[in-house]
Amino acid sequence: MVELGGKTRLVSYLQKIRNNDNYQRCRTRRRYPPRILIVVLLVLWLPALEIPGVLACGPGRGGGRRPILRKLTPLVFKQHVPNVSENTLPASGLPEGRVSRDHTRFRDLVPNYNADIIFKDEEGTGADRLMTQRCKEKLNTLAISVMNQWPGVKLRVTEGWDEEGKHATDSLHYEGRAVDVTTSDRDRSKYGMLARLAVEAGFDWVYYESRSHIHCSVKSESSSVGKSGGCFPGSSSVLTPSGPKLLSSLGVGEAIASLDSAGEIVFSEVIAFLDYAPSSKRQFIRLSTSSGRQLTLTPSHLVPTEPKDLKTPSSIIYAAKVQVGDRILVRDDDRTLPGGSRVRWDDVIEAELVLEEGVYAPLTREGTIVVDDVVASCYAIVNSQTIAQVGFFPLRLLSTITDGLQSVKDFFWHSHGGQDITTNEIQGSKSMNSRWRQPEGLHWYANFLYSISTYVLPSSMLY
Ligand SMILES: [Ca+2]
């Protein structure tokens, strides 16, 4: 085997090979000067145009309260808003598993000591006061609405987090994501309006469940708006020059199949992971196509779809907006083509919400990625691939500079001898990965772009 000094030389040697033959089967694209100049100008212009960046998986935008201007209609008995079932994407989403006091997710539950809310706490354990942060925020908003609507009346919580298993299987009460509420005077004629106020307060699903209470629930902390950006689960695979590879074992510096601006499949370098959380669980959308492909990604992720009319040149939309009958781009092997691949449109036949482990958001130089043989964008949250690509330009530039410095270093290594390196590519890519070990969590640059985009981008452009 090669000793330590040899390893570094081996890496540079492999990089040299990469640069020379470009993997033969597919090209690794890098873009230099004229385009860079244009983008630099664009970046400088952005503050003036008020359109900066984009996000990957990032912390959530605060759920703004809708101003109550119109006349409020009370809900009727057994009505729920939105008019879909509780565990769907437009409502509160999937249950993520029961939380007990010794569970790691128990730390996510916060006690609510709001003096304007009466907690029944018939259990005497304080469990009714425990809820997720999102649930607490919506509940506190509702408490104010109740006092405004009926002076002298307060909001009353009869059930919060349930650790005793008194609810139906998979109830969101077990995760602190649901509350059952009444008014303090227990005047049942008020409950229809109480439910409407809960909808206005921002609960993700409100149900006039029983004559004696209103059930309100929220999305999980990890899936609430903005917290879940452009990620894929670890079980998804990407295509590298040496074959398919699970996202969970992919590293920065490796080349993976992506779609270039000319619509060709090329191998593009992974320059960063915008989010990297192998042990996190998250809710993903799984799009299945008629030829059996499955793309699993977070709802706010951008996906190219076939334009509905000829006027639109391209149509890149949030995964959450993709419907059955829409067409997405899939990759087929085609040895007759120089790249060995071709792309075609394929019908989406099912879109379902699934809970999966591992959160990975690789950013390629091209800004696109082929995952499980389906084309997706590397971006999320902001509904423009172009703005996203511009927003992440500095990160690509940084990566180019780093690569450049590495090449200079390699040059000196080689001019000091060491041409007798013989080994295989697998060892090489391993060394490259360890050189770029990714810290867990959101990438600092994605986080930075997030914090500015909330202030400067129009909300219509954000997920
Ligand atoms: Ca209770």
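Every residue, even glycine, has its Cβ placed from backbone N, Cα and C.
Curation does not apply to TrEMBL; its annotations are automatic.
The Ca(2+) 2 site recorded in TrEMBL comprises Glu159, Asp162 together with one of Glu123, Glu200, namely Glu123. In the record from TrEMBL, residues Asp180, His215 bind Zn(2+); the candidate from His103, His173 listed for the same site is His173. A straight line from the CA of Asp275 (site 'Involved in cholesterol transfer') to the CA of Asp162 (Ca(2+) 2 binding site) spans 32 Å. Apart from His173, Asp180, His215, the Zn(2+) site neighbourhood in this chain, defined by C-beta within 8 angstroms of the site C-beta centre, holds Thr158, Glu159, His167, Ser171, Leu172, Ala178, Val179, Glu209, His213, Cys216, Ser217. If you take the CA of His173 (Zn(2+) binding site) and look 10 A around it, the binding-site residues you hit from Glu122, Thr158, Glu159, Asp162 are Glu159, Asp162.
Within 10 Å of His215 (Zn(2+) binding site), counting C-alpha to C-alpha distances, fall the following of the binding-site residues Glu123, Asp128, Glu159, Asp162: Glu159.
Taking the Cα atom of each, Asp128 (Ca(2+) 1 binding site) and Asp162 (Ca(2+) 2 binding site) are about 7 angstrom apart.
Between the listed recorded positions, namely Asp162, Asp275, the fewest other CB atoms within 10 angstroms of a CB are found at Asp162.
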